[in-house]
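*Asks:* Under the heading substrate binding site, TrEMBL lists Ser10, His68, Gly144, Phe145, Gly146, Gly147, Asp177, Gly178, Gly179, Gly199, Ser200. Here TrEMBL flags His35, Asp37, His68, Asp177 as divalent metal cation binding site. Summarising the annotation, TrEMBL assigns active site, proton acceptor to Asp37. The active site, proton donor annotation in TrEMBL covers Asp177.
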Amino acid sequence: MRNDLKIAPSLLSANFANLEKDLDQINRSEADWLHLDVMDGVFVPNISFGFPVLKAVAAISKKPLDMHLMIVNPDKFISQIRDLGTMMMNVHYEACPHLHRVIQQIKEAGMKAAVTLNPATPVAMLSDIIQDLDMVLLMSVNPGFGGQEFIPHTLNKIRELRELRARSGSNALIEIDGGVNLQTAPLLSEAGADVLVAGSAVFKAPDMIEVIHQLKNA
Ligand SMILES: O=C(CO)[C@@H](O)[C@H](O)COP(=O)(O)O
């Protein structure tokens, strides 16, 4: 069994009427990071939460913040994201025509930098940037909503990404987001994922702390 698999619960599936209670469970769990999905209604067909909520969450989260920006022009918000105490800033390949510049700006701001790929974007698109990345996030559903079904082709993409990573000498972690649960987590772990994001599998469970423990041991 691996002992290095990281779990990042996605707040999108939390009870927004009682965020403090849900965050207390995450704080007391074996979760490694807290995953925060910011949506703008333009890049994805949904709107989630913005800076007022992020500030309140950052103030009580004891887990490092893994910020997933599903927005156009994410470079406009780098300093505001950094000021929240963000550990990792994820931007979408599909949203950044000047990706190299954005990655450098994120790192200069003192955060780790990650690039996210939508399900239809090939891993090969990262061949000229992977050496600069701390992480690659592969979407295993189309971004915008929690509770969707896992796209099995993601398993092939993980294997391709591992090959690209090895060829380029990159240390980028591989994170998977969408449809992660107790059935898919062992497959993802075996394929070589380093970080699993789980929304509904965690926040809709009767015992969040126990589910996180089980995912961690997938
Ligand atoms: O980025 C997203 C959705 O766009 C995810 O982070 C979801 O929040 C994952 O939810 P589940 O598929 O685990 O319910």
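Backbone N, Cα and C define each Cβ position, glycine as well.
Describe each of these features in terms of where it is and what it packs against.
*Replies:* Neighbour count (other Cβ atoms within 10 Å of the Cβ, all protein chains): 25 for Asp177 (substrate binding site). Under the DSSP three-state reduction, Asp177 (substrate binding site) is assigned to strand.
In sequence order, Ser10, Leu11, Leu12, Ser48, His68, Met70, Pro143 are the residues of the chain that are 6 or more apart from Asp37 (divalent metal cation binding site) and have a CB within less than 8 Å of its CB.
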*Asks:* I want the residues beyond His35, Asp37, His68, Asp177 whose C-beta is within 8 angstroms of the mean position of the divalent metal cation site's C-beta atoms, in chain order.
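*Replies:* Those within range, site residues removed, are Ala8, Ser10, Leu12, Leu36, Asp66, Asn90, Leu137, Val197, Gly199.
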*Asks:* Please report how many Å separate the Cα atom of Asp177 (substrate binding site) from that of His35 (divalent metal cation binding site), as a whole number.
*Replies:* 10
